[in-house]
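**Student:** Okay, here's the structure, questions in a sec.
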Amino acid sequence: MSFILAIDQGTTSTRAIIFSSKGEPLHTAQQEFPQAFPCDGWVEHDPEQIWQSVLNTCREVLAKSGISANQINTLGITNQRETTVIWDKSTSVPIYPAIVWQDRRTAPYCESLSQDAELDEYLRQKTGLLLDPYFSATKIKWILDNVTDARTRAENGGLAFGTIDTYLIWKLTGGRCHYTDATNASRTLLFDLEKQQWDPHLLETFSVPQTLLPEVKDSADEFGLVDPTLLGAPIPIQAVAGDQQAALFGQTCFEKGMAKSTYGTGCFMMLNTGETPLRSNHKLLTTVAYRLNGQPTYALEGSIFMAGATVQWLRDGLQLISHASESEALAKKASKNNGVFLVPAFTGLGAPYWDPDARGAIMGLTRDTGIAEIVAAGLQSVCYQTKDLQKAMESDGARPITLRVDGGMSNNDWVMAYLADVLGAQVDRPKITETTALGVAYLAGLQAGIFENFSALTSLWKIDKSFTPKLTKAERDAAYSGWCQAVERVRQH
Ligand SMILES: Nc1ncnc2c1ncn2[C@@H]1O[C@H](COP(=O)(O)OP(=O)(O)O)[C@@H](O)[C@H]1O
Ligand SMILES: O=P(O)(O)OC[C@H](O)CO
């Protein structure tokens with residue numbers, strides 16, 4: 001019997017899950033950790049608390065499973081992406097809190113470079129990304145520019161940079177290994193997508209010394225052995241992938257044209273585009289989906305900031321519901337075609353608009369509008385935003401042939417049915433919606449020889465429910481055009 005331990009280090013919580021050799025989640029431990037918002041638009045995590053949550057959940061899941069660390073064949077790490085940590089190599093102590101992907105503090109710096117059309121095009125071609133505080137490069141620069149002596153220490157080789165995967169590998173191996181994988185590297189704004197190496201021109205542009213950077217490995221590779229004093233055995237770390245890429249892998253979207261959309265706090269839609277990177281002309285991101293045996297497979301990604309978070313706002317902000325799941329019954333009661341649109345631009349709009357100054361709005365209110373209509377409009381906004389991404393992908397010449405969904409909000413049947421309606425396409429929900437951890441477990445299992453190949457994994461994907469479109473094209477177009485008009489009214493850029 002083989003066991004795989006997957007660590008899923010997310011934005012608000014850490015999970016450790018033990019999977020069987022058939023990809024079944026057997027035991028789970030989860031721990032939330034604090035978020036810090038020290039200034040308007042700033043979001044920080046304490047890397048030490050993240051590390052403790054990883055240790056705690058790994059120890060807890062082992063203890064409650066009755067499986068000893070010696071019986072764990074392999075370990076995989078999947079993580080919130082872009083979040084930036086810099087630490088001292090000799091003490092392993094971070095020199096500043098982790099700057100989280102949502103943090104907007106470098107917006108003025110990005111703005112100051114935004115007139116440089118040449119740089120913009122260079123970034124698009126080399127990294128597949130765009131100039132935005134979301135990615136790691138400007139966060140690294142901010143730490144080096146603002147922490148006393150940091151730049152000198154970095155230039156002298158005393159500091160290390162990592163996204164969360166890299167920091168965890170460092171800690172788990174007792175400071176022996178400074179690695180990342182190609183999916184995480186491809187989110188830094190410093191990585192050449194085609195050459196698969198750090199780009200010297202971008203290191204210079206963002207004033208990042210090369211000595212800070214980790215070695216970039218395949219997503220299934222040898223990332224070192226866990227220090228046996230931590231979990232009780234030297235478990236090999238054999239897979240690393242950013243969480244959205246891991247979800248694509250867990251959904252077994254191995255063929256060009258297969259897409260997944262994850263509905264958690266935000267929504268991340270990712271389409272496998274095969275072995276050649278496809279640059280978007282519609283502000284989608286080009287990214288590494290996974291890299292195996294030195295060969296990258298690429299993806300097109302659309303990132304939406306508010307999906308489940310809109311439901312949280314309906315619950316905590318407006319107090320219209322007490323539990324996220326109540327939204328489903330309420331939405332069913334809403335009058336049809338009521339003309340109410342909720343644009344959840346609470347922190348601006350993500351793909352394909354990238355408008356940081358847009359703000360939220362509810363439009364089309366009448367005397368008949370009640371709680372049900374507002375809740376339904378909140379849920380529908382997630383579907384319309386996915387439609388925006390689908391359209392952008394199509395305009396880039398990449399139509400998804402399948403759409404597989406996962407994440408907490410995908411359990412809402414009303415939302416998934418409306419999603420199929422708005423997209424005019426079938427939406428498939430698998431039995432296991434914990435696809436992020438599953439994806440990295442699959443990668444670790446491939447490296448450890450537990451799974452033979454992609455077809456062994458494909459056969460493990462099982463459908464829970466398919467949603468097929470019921471609206472006519474005219475109805476679909478009318479609803480979507482109402483959404484587009486609502487978005488136009490909140491846009492600033
Ligand atoms: N039945 C539901 N209907 C609508 N939203 C839901 C439902 N269940 C969970 N959610 C939303 O999904 C999110 C939780 O999903 P999860 O995948 O755990 O997110 P994350 O990993 O980003 O924390 C929450 O924002 C919650 O509001
Ligand atoms: O931690 P999540 O699931 O919200 O995912 C965060 C993304 O990786 C950010 O790019």
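The backbone N, Cα and C atoms fix where each Cβ goes, glycine too.
Pasting the feature list from TrEMBL:
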- 4-250: domain 'Carbohydrate kinase FGGY N-terminal' (DOMAIN)
- Thr11, Arg81, Glu82, Tyr134, Asp243: sn-glycerol 3-phosphate binding site (BINDING)
- Thr11, Arg15, Thr265, Gly308, Gly408, Asn412: ADP binding site (BINDING)
- Thr11, Thr12, Ser13, Thr265, Gly308, Gln312, Gly408: ATP binding site (BINDING)
- Arg81, Glu82, Tyr134, Asp243, Gln244: glycerol binding site (BINDING)
- 260-447: domain 'Carbohydrate kinase FGGY C-terminal' (DOMAIN)
**Student:** With the Cβ under 6 Å from ligand 1 as the test, give me the qualifying entries from the binding-site residues Glu82, Asp243, Gly308, Gly408.
**Tutor:** Gly308, Gly408
**Student:** On the 0 to 100 pLDDT scale, where does the domain 'Carbohydrate kinase FGGY C-terminal' (260-447) sit on average?
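**Tutor:** 94, rounded to a whole number.
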**Student:** Provide, as an integer number of angstrom, the distance between the C-alpha atoms of Arg81 (sn-glycerol 3-phosphate binding site) and Gln244 (glycerol binding site).
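**Tutor:** Each residue's Cα considered, Arg81 (sn-glycerol 3-phosphate binding site) and Gln244 (glycerol binding site) end up 8 Å apart.
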**Student:** Applying a 10 Å Cβ distance cut-off over all chains shown, what neighbour count does Arg81 (sn-glycerol 3-phosphate binding site) have?
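**Tutor:** The answer is 26 other Cβ atoms.
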**Student:** Within 10 Å of the Cβ of Thr265 (ADP binding site), how many other Cβ atoms can you find? Include all protein chains, please.
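**Tutor:** By my count, 20.
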**Student:** For the binding-site residues Glu82, Asp243, which Cβ has the most other Cβ atoms within 10 Å, all shown protein chains included?
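**Tutor:** Compared across Glu82, Asp243, the most Cβ atoms within 10 Å surround Asp243.
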**Student:** Anything from the binding-site residues Ser13, Arg81, Thr265, Gln312 with its Cβ under 6 A from ligand 2? List those in sequence order.
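**Tutor:** The qualifying binding-site residues are Arg81, Thr265.
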**Student:** Using only the residues recorded as binding sn-glycerol 3-phosphate (Thr11, Arg81, Glu82, Tyr134, Asp243), report the maximum Cα-Cα distance in Å, whole number please.
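**Tutor:** Farthest-apart Cα atoms in Thr11, Arg81, Glu82, Tyr134, Asp243 are separated by 15 Å.
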**Student:** Hey, does DSSP put Gln312 (ATP binding site) in a helix, a strand, or just coil?
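**Tutor:** DSSP assigns Gln312 (ATP binding site) to helix.
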**Student:** Which number gives the other C-beta atoms within 10 angstroms of the C-beta of Gln312 (ATP binding site), all protein chains shown included?
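**Tutor:** So the number of other Cβ atoms within 10 Å of Gln312 (ATP binding site) is 13.
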**Student:** For Thr12 (ATP binding site) and Gly408 (ADP binding site), what Cα-Cα distance in Å is obtained after rounding to a whole number?
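**Tutor:** Gly408 (ADP binding site) has its Cα 14 Å from the Cα of Thr12 (ATP binding site).
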**Student:** Considering only the binding-site residues Ser13, Gly408, Asn412, which residue has the minimal Cα-Cα separation from Tyr134 (sn-glycerol 3-phosphate binding site)?
**Tutor:** Ser13
**Student:** Return the residues near Asn412 (ADP binding site) by Cβ distance under 8 Å, restricted to its own chain and a separation of at least 6 in sequence.
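**Tutor:** In sequence order, Ala324, Ser325, Ser327, Glu328, Leu379 meet the Cβ cut-off.
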